[in-house]
Each structure stands twice: as C-alpha cells, then as structure tokens.
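Visitor: Sharing the feature lines straight out of TrEMBL:
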- 275-297: transmembrane segment (TRANSMEM)
- 337-364: transmembrane segment (TRANSMEM)
- 370-391: transmembrane segment (TRANSMEM)
- 403-432: transmembrane segment (TRANSMEM)
- 444-466: transmembrane segment (TRANSMEM)
- 497-520: transmembrane segment (TRANSMEM)
- 526-554: transmembrane segment (TRANSMEM)
- 566-585: transmembrane segment (TRANSMEM)
- 597-626: transmembrane segment (TRANSMEM)
Amino acid sequence: MKFGWLSERWRAVSLSVAGGLFMMSQHTAEAFYLPGLAPHDYKIGEKVDLQVNSLTPSLTAENKLESVLSYGFYDERFHFCSPPGGPKAAHESLGSILFGDRIYGSAFNLEMLKDSSCQMLCVQKIPGNDAAFINDKIMKGYNYNWLIDGLPAATVKIEDRLQKEFYSLGFELGSNALGQLMPHFHNHYDITVQYHTVDSVHHRVVGVLVTPQSKHSVYSKDTTPSCDTTEPMNLHEDKDNEVVFTYSVKWEKSEKSWATRWDSYLHAMDPKIHWFSLINSVVIVVFLSAMLGLILVRTLHKDIARYNADDAEDLQEDFGWKLVHGDVFRPPQRFEYLSVIVGSGFQLFWMVLITLVIAILGFLSPSSRGSLSTAMLMLYILFGFSAGYNAAHQYHSFGGTSLRRIIVLTTLGVPGICCLLLVIINLCLMAANSSAAAPAGTLLGVIALWFVISIPLTVAGGYFGYRRKTADPPVRVNQIPRQIPDQPWYLRTIPSALMGGVLTFGAIFIELYFIMNSIWFHKVYYVFGFLFLVFIILILTTAEVTVLLTYFHLCAEDYRWHWRSVYTAGASAFYVFLYGVLFYFSRLQLASYASLVIYFGWMIIVCLLFFILTGATGFVASNFFVRRIYSAIKID
C-alpha cells in the first residue's frame, strides 16, 4: 500500500478531465473530483487536527447577502476558546492569504475512531458590547469555517431542483428564526467525522459534518457541564454573559473513497444548465461565423475581383473599403496606449488559458486552498515577458521610437491601476477590522515578486519585441488624411460598441452567474472544463464581432478602425459591470460602506481586466483581417 494513493490520484485526474469537459449526466457530475495532496492515513487513537478559518457571511433569512467582510476566528470580540499556548497559524499559500483565509489550530481534541460526548472547551465571559457585535453577525448570517484533514466542515442540505442531499460549506454562528425574541448563539457543536477504512490499521477522513446547537449550560467547578439543556444561549447586550463552549465527536464509517470525498461538496452546478449555457454560446458563434463566412466568401470575393479588374469603367464605380486604402494603415492617435492594451491583453490571455488547462487536468484542487489564485498570480507575473514583447513590437510597428517609454507604460500601466484599487480595497478592509485585509508582509512579498521577476521579464520582452522586424503595410499611406463622411448613427463609436459588446456578453452571461455565486457566496467552483470551452467561445465571438463591425466601418469609408476595434470588443466589459450592478440589487443587501467599496472595487478590477483582454483580442483579429484584405487587391 506504499504507493496506493498514486493510483487513486491518477484515477481522480481522469475523472477531473472527463467530468469537467463532458458531464453528460448527473451521474458523471457526482464522480467529478479534483485531486490535490496525497491522503493522510490515520491509526486508531491518532490525533486528528481540527483547524479554524475566518468567519464569513452567508445568505440571511431574506435570501440576501448583507456583508462581504470576513472576521478571524480568534478576533477578540468573539471570545472563542484558544488552545494552550495560543493558536498556531497554519502554512498557507500566497493566494490563500491574499483572498482572506486565516487558518489556525484549535482547542478541539479529536482522536481517530474515539467518540466523545459533551466535552468542555472553555468558559468565557462576553461583555455586552461584544455580545452586540456577535448578535449583529448572527443576524447577517455569518458562518463558522472549520477544516479537518483539508475537508471543510459542512451541514447537510437539500438541493431544490434535484431534491438531493449535498454538503453546504460552513455552519451557522447562530440562529435567528422567525418568532425568536433574540438571536441564539451556537456554543455546542456535534461533530460527525466520516472515515474510510483502507486496511485493518489505516483510516482516512472522507467527510466532516457539524450540527451546531445553542445551549445555556451552567458551569461550576464542582460539576461538569450538561449538554441536555434545551434552554438556548442568548447574548444580552446590557450585561456580561457567561458562555460554556462544548462539543461532541462521533466517528461514522463510510463507503466513500478518499479520491471521491469531495463529491458531496461539489453539488451546486447542474450540468444541464451548463450545457444550456454552452449551446447558447455555440449558437451565437455559429451565427456570427455564418455572417462572417458570407462576407468573406461572397461579398469580399466579389469586391476583390472587381477591384483587381482592368476595366476602367468598373474602377470608377468603386466605393467602400478600397477608397480608404491610403489611410487604413495610418497610425492611430495615442498609439502607445493602444500598444500597452495589446501587450497586457496577451499577458492576460496566456495567464487565463494556461490556468484553465492546469485546472481541467486536475492540478488545482479545492483541497489545496488558494491554489487557483496562486497559479493565476504567478502566471501573470511570468507572462510579463509576453506583455513587454507584444507591446513593444506593436509600438514599433506604429512608428514609435522610444523603447523606454513603452516599457515604462507597460510595466506601470495595468499593474499600477490594479495595485492602486487593491490598496483602496485593503484599506477599507483594515478600517472595518476584517481579517481579509492582506498583511503588510504579504503585500511586500507581492511587490518584491513584481520588482524581481515581472519587471525584468517585461523589460526583456520589450527589448526583443522592439528589435523584431515589423511587417510593412501592404499599401502605401497617404501623406494627407482623407476626409471621413458623415456616419449613420448605428456606426458611430458608442452605438456600434454597444451592439458588438452585447453579442459577446450573450455568450458568457450564464457562466458568469455561477462564477459570481461562487465568489460572493463562498461556494466551490469546479466545472473548469465548461469554463475552458466558454473561454474559447468568448475569444472566437469577440474576434468575429469585431471583424464584422470593422468591415462595416471600412465600407462606410471610416478608416479609424484601430481604437474602434478595441472599444467594440471591450464593450462587453460594460455589460459585465451592469450585470454586477444587477447582481448587487437582486442578491446582495450590503449594509456598510466598506462592503460597498469592496464589492464594486473588485467589479471595477474584473471589468478593467476583461476590457483589456477582449479589447486586445478584437484589435488583433481586426489587424489580421485588414492586412489580409488589403494585401489581396492591386493598388495603382
């Protein structure tokens, strides 16, 4: 059995790929698993660590999320029990720390296969002002988040659509049911640990369920606390409250294997909905491809044949995109900023693509907390070379002469804006005393990675990109710009961009709903196979929409296609932001200004990066299209 875990790992990898890309039925979805670390085999009586993480908000009784702030388990206002010698922080990844995980050891004592009943943790006195703080968090639906052997503690719930049981991450800090005069604080925990027996000696943890209860136990030195009381634990805000924290442990044998232990947690995403999303996106792509094919095969073929004809009479009737051949390759205004967008877009494209490939191969497991965000951050830093290379090459092709200028803009442009917004968000988290505020040491580490790795790679990429030979325009550029005729209203900048953006957004909006739910409601997102296909469809849709509208602009004798292609493709980010606003009013009810700033701050960052990714995609596609059609005609 020394290498027994290896076969389970590769079995899980195969399930990950098959489940992510081809979840043909609910049965396939149940078998889906993302592998992570090797299993830990416990012997009978061996200590099993229970770790505690930050408390996070969840949906209230009104089905609204009232806060996005998280608080550390050992925040002094909660007065939870600490282990002897104080809590010890667990080793966490960079992404886990940046996105709010604060994992520590606990005072719970769990031993493999040894049940215990009504064990006392400690007795705490909670002052009235801290009682008000806790009651407020109970009213806002805050949850405990515990971990045992990498598995989150959960509660069993029933899925509405499929009527099947699933494990909901976390469990309630307290209850605030209708009819209660005061919130009930959960201070007793019935912990059920499911285990799978490997052999007669070794056992593995495959599930963790916690049923919290509110019990007003009375403590004295002469007697042990009783867990049989039915009187709830209410925290009074006008006096000190004595709270007895207790727990019970039950070990339950399970037939689940270690490789499939996450199946019960990965429930919330019905594959039928994802197939509908995918079919919706494919229909849009097919429609756009048909229109693009019609233009390329019929209209453009006829135009090129007529433009290349020797009949002078036919040449006098020429109109449309050939008439602007002397201006279509004229460098646009502020082309250095356009070059930065192109370079940063390539950087984001490769980061997302490689991350999704790694994810669908099963190497970004939910067992390894923060692995997804860590991978994205490190890939973004490493692909700084791509940003510098493509930005400098595009800048040079426009006729730019200052290599230093384009390198500085690429290095400080997008990362600088994102860094500024993240600092504002972090300051709001610090002002709200939230545990999600990134520590100063972590921020310094990220800055060090930027200076030590990202900036040198960007400089190196810029040097090689600038030295790369640029392609000459297929036609000569006129010295005097051609006058642009009045454009119909639907071909002006804003209307045409809005029309193009809505088509691109239509290909992704269903998957966007699941991503938003996963981020803000702390659910596990795992259908990376579908997300990979949606990403490919997004790139294809963006390219096709932009090429179509670029062709229409050129036919209207408007040669200013460079920035238009960026606006047309990037306008989908505007719809993503509008969707974020709709999501806020329909699913959120944030009560504090700090939560508002954090939510919309992250939405602005996401929309900015989405604009750069799609805008760069649109420009590259339009640039390829324009060069191909003008290289196919004869110019006298």
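Any Cβ shown, glycine's included, is placed from N, Cα and C.
Heads up, TrEMBL stuff is auto-annotated, nobody curated it.
Just so it is clear, the model here is predicted, and its values are computed rather than measured.
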Visitor: Within the same chain, where does the transmembrane segment (497-520) have neighbours whose Cβ lies under 8 angstroms from its own Cβ atoms, ignoring anything closer than 6 residues to its ends? I mean 6 or more beyond.
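Guide: Same-chain contacts beyond the flanks: 65, 68, 268-269, 273-274, 276-277, 280-281, 284-285, 288, 490, 527, 530-531, 534, 537-538, 541-542, 545-546, 549, 564, 567-576, 579-580, 583, 587-588, 599, 614.
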Visitor: Among 275-297, 370-391, 597-626, point out the range having the most Cβ pairs under 8 angstroms from the transmembrane segment (444-466).
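Guide: Looking only at 275-297, 370-391, 597-626, the most contacts with the transmembrane segment (444-466) come from 370-391.
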Visitor: Which stretch from 337-364, 370-391, 526-554, 566-585 shares the most C-beta pairs under 8 Å with the transmembrane segment (597-626)?
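Guide: Out of the listed stretches, 566-585 contacts the transmembrane segment (597-626) most.
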Visitor: Go through the chain and flag residues at least 6 beyond the ends of the transmembrane segment (275-297) whose CB is under 8 A from any CB in it; none is fine as an answer.
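Guide: Result: 503, 506-508, 510-511, 530, 533-534, 537-538, 540-541, 544-545, 547-548, 551.
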